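Reading through the structure tokens given below for one structure.
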Amino acid sequence: MPLCILVCFVLTTLIYGKPIRQIEEAPLRVFFRHIDLNANDELDAYELQHYFHDIEPDDKVPDLNQVIRTMKRTMKQVTNEHEQHFSISWQQFHGNFIELDSIADNNIPQQIHLSLLADGTWSSMVVIWILKGIGSEHQPSSFVRYGTASGSYIYTQAATNRTYDVGIGGWKGTIYEARMISLQPCQIYYYRVGNAKAWSDEYSFKTDCSNVSTRVFAVMGDMGTVIPAGHLVAKQITEDHRTTPFTSVVHVGDISYAGTGSSEEIAEVWDMWGRQVEPISSIVPYMTNVGNHEAYYNYTAYRNRFRMPGPESLGVDNFWFSFNTGPVHWISMSSQHDYSKDSVQYAWLVNDLIKATQNRTQQPFIIVVTHRPLLCSDESELEQHLPNSTLFKTVYSLFVKYQVQLIITGHMHVYERIFYDNTTLITNNTYTNVRSPVIVVQGTGGAFDNDKWIQPQPWWSKSRMIAYGYGRVTVSVDETQRRLHYEYLLEHDRSVYDQFSIVI
């Protein structure tokens, strides 16, 4: 090794505690190498358990047998199945998840995702994509090209770009954002993104139809990637979209699980996650809510990689905002930021609820999403999810006052349906003209589920289950009905575990 390179290597190691990567590695390899503490190109159960210990509280860390059972189900094969010799080789790991790795040509756009703005007219659509690699910021000007016929792109909009450089070893890439404008309702649009060097494949989406009575949404939180099951739930949602198309996907916080402890994250895990959801996020608006696992480096990755309608709804950035889709007014509240009654967020929340209540003719349903549960009977962090908790005492009465019908949360890796009203008779899981909102914990998007229930089951807990899956929300409004139907769909067999309806 030349002397100057050796000196630089030693100095950076002394200053930063670890050498800075000089050669860019593929995201999947970086992730694997971080977990492979023995540096033998194999992951054993102890290394996987250590990884879980880094990212979750002690009471959520799975035992070795649970690690093995889960990884056997999420991997096509493992080298050894017994606890003493359980291992996953790099070749097996890469073979199972190669679709989450970066594409070979860094000039080709990747991690493409759509998002909505606030007004609900679908007259514009935001598209974000990434170019990976050192020097990606020096690419030619980039654009989105789109039109109403496949292969014929009569409209072009220029993209802005930004980057950031945090995480273990930093991150090398450029994020591009463009807006497709002047969109017409109930119309399929075909689009590509890129520049003179390379263009993406063609994707398409359909704008909302004002004359249809039913919209369908996918909701979940706490996903992650390949350890253990975020990729499975992402695949489930993508496959279900083919038979029951979603109007949009709503992700209730804890998105990529890029963190490795309390202070650092692996930026490449965000790239893996972006590749993982691209089959659905490139064709359906993918709306996000902020969770505690996005907090690293002052939410740098979350603020840069997404574009939510904070400014358009008078909220703040990607943290708290609202938007309309057909008959639903969605409110995304941050349980990570100050929500006390004298906070900026609380004042915004009250004002947004007042305006939504005045607009019930167009949006009769109000759905609130926030990452941390108002209520949950999971043993972990129990004192934070009871009726005397700060979050519940601060906002629940507000949601009752303004007749919010549904609250969807995550954080605990469970499903639970909650109704905090012991005076209203509910028949056949149908909530008709009730004054209190139904609360759902849907933290089943793929993060490790080493959760346990308190016993006996509280009176307000109506259904609960610990298994991967997502929620499907079907909202139907016409002259004869105004109904919201919720289904919890299990990942492993695609069955419906729980379902209920809200009729107003």
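Cβ atoms here come from the backbone N, Cα and C positions, even for glycine.
Automatic prediction, not curation, is the source of TrEMBL annotations.
Under the heading domain 'EF-hand', TrEMBL lists 23-58. Residues annotated as signal peptide in TrEMBL: 1-17.
Counting same-chain residues at least six beyond the ends of the domain 'EF-hand' (23-58), those with a Cβ under 8 angstroms from any Cβ of the stretch are 64, 67-68, 71, 79, 83, 85-90, 93-94, 97-98, 100-102, 133-134, 168-169, 172, 225-227, 257, 259-261, 266, 268-269, 271-272, 275, 293, 380-381, 447-448, 450. Counting residue by residue with DSSP, the domain 'EF-hand' (23-58) contains 21 helix, 3 strand, 12 coil. Mean model confidence for the domain 'EF-hand' (23-58) is a pLDDT of 86.
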